[in-house]
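Participant: My questions will all concern the structure given below.
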Amino acid sequence: RGAQGTVAVFIITLFNWCAICSLSQVLDTRDVQVFKVTVNGQEAQFAFGEKHSFKGTPPRNHLNVLKTIVEISFESSPQSSALQWFTPEQTSGKKHPFLFSQCQATHCRAIFPCQDTPAVKLTYYAEISVPKELVALMSANRDGEAPDPEDSTRQDLPFQPERKCSRLVVGALESRKIGPRTLVWAEKELVDKSAYEFSEAEAMLKTAEDLAGPYVWGQYDLLVLPPSFPYGGMENPCLTFVTPTLLAGDRSLSNVIAHEISHSWTGNLVTNKTWEHFWLNEGHTVYLERRIGGRLFGEQFRHFQALGGWRELQNTINTLGDKNPVTNLVINLDEVDPDVAYSSVPYEKGFALLFYLEQLLGGPDVFIGFLKAYVQQFAYKSIVTEDWKNFLYSYFKDKVDVLDKVDWNSWFHAPGMPPVKPTDLGSFGSADLKGMSSHQLIEFLALLLLEAPLPLSHVQRMQEVYDFNAINNSEIRFRWLRLCIRSKWEEAIPLALKMATDQGRMKFTRPLFRDLYSFDKSQDLAVKTFLEHRASMHPVTSMLVGKDLKQDQ
């Protein structure tokens, strides 16, 4: 629903329902008006269930035929938590409005009624009408060579709705071809820079196919979103969304693209059934991402990234607390919003488990065989940790004695750091910064963040010698500014506030605001700046930063 208040029709075709039983179809909604429901052309009764604080209210429809076509006339809210609307002034081109959707983890229901869970997978077909100067894209293959004002898209492979099926963007977009199956999309002002930054996508796709099996989704496009996009990337089939903070100018942050490509197998093809088992998506994806990096840039690069991931996990657990149950690999989300529980734990603790198992069970070549077989076994399905573990034991049936020695309970259900540190994650020996790659510099700053705050004179001297303020790589700049604020350098306050508000990637925005709030000289200004920019933030980012700054309960 936009400014014109368009009412949409959502059509569901259901097969294999019992022909003689009367069944209720329960769908999730949040802030969605439902005007009419028909079942096979006949108007049907529907009712809304009890409202939940973050889950919304489910409408129930009664179905009783073998093949059922349900048509729902509905209207989403301008305040939908899944949709972000931009005025022309908020875009790079300053001429046209912009819209994008972000549905993970439970926000698809805020666009239309659906079974908003990763346990359910579906296909879809959509027709979208937009003004001729704008382009509409969805996470699907387009009908035709180029998008038309009345665009048609089709997704013929099953995937879960909670992040993918309603993935939609509308804006003044241009594309550049960067590979035989890849276009990069962005506003005119960023499209050429984006094409250069992500030109390695096809090499990454080919490497991933060699490691995990055929790429089944057809097209693999990339879309660079406005700065308020709250994540590094989002792995929609056929159309990966990425943050403009990846545009470093030297391809040094392309590992995020390797991560999103990897999700084409682990996340989209094989999916966690519930958010308690989110590590199945993210741990395997980080593992495959780093295997791609190892193939393309060498095993030392893979191990260096693994070291950085271990440090990131330490940092996260230091922030959340080593007794905090959200640091479990398999967490309990009863009455907990998955957005609130989101952290690097399922990514890096999950990777650490897989890296440990790789070393335990015979090395990289042996373990990648398991990963490929795992994808083949559970393709197009949603699973839980027990399914994964059972298959692991089945695949390595000659090494059950080795697997039985793994402390599974501590890995899955204990908070804090893992019970075992993979042996190749040794200590990092720092040297002079001259000659360091971007990845080494990121790790160097991350190590400093794990220590007590540096004396103010030290960070001032670092700026004088190395001029970190002039570096545009967002990962380096983020860690550097955190060091400055933790060392109580007042001159860094406006720089940190600018980075926290110029983009909306939660990985950067939340820690920067938290650090600024903890510094007495910037606490009030942090709150004031947040309140001034809140309206332009993504709803999830706004909610979480509001909690961090004690503005929301």
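Just so it is clear, glycine is given a Cβ too, placed from its N, Cα and C backbone atoms.
Caution: TrEMBL annotation is automatic and unverified by curators.
Feature annotation from TrEMBL assigns peptide binding site to Q102, C103, Q104, P230, Y231, G232, G233, M234, E235, R505, M506, K507. Annotation comment: TrEMBL describes H259, H263, E282 as Zn(2+) binding site. If you look up TrEMBL, you'll see E260 marked as active site, proton acceptor. Residues or ranges marked as active site, proton donor by TrEMBL: Y347.
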Participant: Centre the Cβ atoms of H259, H263, E282, go out 8 Å, and tell me which other residues of that chain have a Cβ in range of the Zn(2+) site.
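Facilitator: Sorted by sequence, the hits are G233, E235, E260, S262, T266, G267, N281, T285, V286, E289, Y347.
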Participant: Tally every other Cβ atom lying within 10 Å of the Cβ atom of Q102 (peptide binding site).
Facilitator: 25
Participant: Spatially, which candidate from the recorded positions Q104, G233, E235, Y347 is nearest to E282 (Zn(2+) binding site), comparing Cα atoms?
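Facilitator: Going through Q104, G233, E235, Y347 one by one, the closest to E282 (Zn(2+) binding site) is Y347.
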Participant: Give me the Cα-Cα distance between M506 (peptide binding site) and Y347 (active site, proton donor), rounded to a whole Å.
Facilitator: 15
Participant: Note down the number of other Cβ atoms within 10 Å of the Cβ of Q104 (peptide binding site), including every protein chain shown.
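Facilitator: Total other Cβ atoms inside 10 Å, all chains included: 24.
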Participant: Between H263 (Zn(2+) binding site) and G233 (peptide binding site), find the distance joining the two CA atoms and give it rounded to the nearest Å.
Facilitator: 11
Participant: Which ones are near E235 (peptide binding site): of the recorded positions H259, E260, Y347, which have a Cα within 10 Å?
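Facilitator: So the list is H259, E260.
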Participant: Round to a whole number and give the Cα-to-Cα distance in Å for the pair G233 (peptide binding site) and H259 (Zn(2+) binding site).
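Facilitator: Each residue's Cα considered, G233 (peptide binding site) and H259 (Zn(2+) binding site) end up 8 Å apart.
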Participant: Report, in whole Å, the straight Cα-to-Cα distance of Y347 (active site, proton donor) from H259 (Zn(2+) binding site).
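Facilitator: With the alpha carbons as reference points, the distance is 11 Å.
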Participant: Could you tally the C-beta atoms, other than its own, that fall within 10 angstroms of the C-beta of Y231 (peptide binding site)?
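Facilitator: Result for Y231 (peptide binding site): 22 neighbouring Cβ atoms inside 10 Å.
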Participant: Give me the Cα-Cα distance between Q104 (peptide binding site) and E260 (active site, proton acceptor), rounded to a whole Å.
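Facilitator: Roughly 14 Å, rounded to the nearest whole number.
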Participant: Would you mind pulling the longest C-alpha to C-alpha span across Q102, C103, Q104, P230, Y231, G232, G233, M234, E235, R505, M506, K507, which the record has binding peptide, in angstrom?
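Facilitator: Roughly 18 Å, rounded to the nearest whole number.
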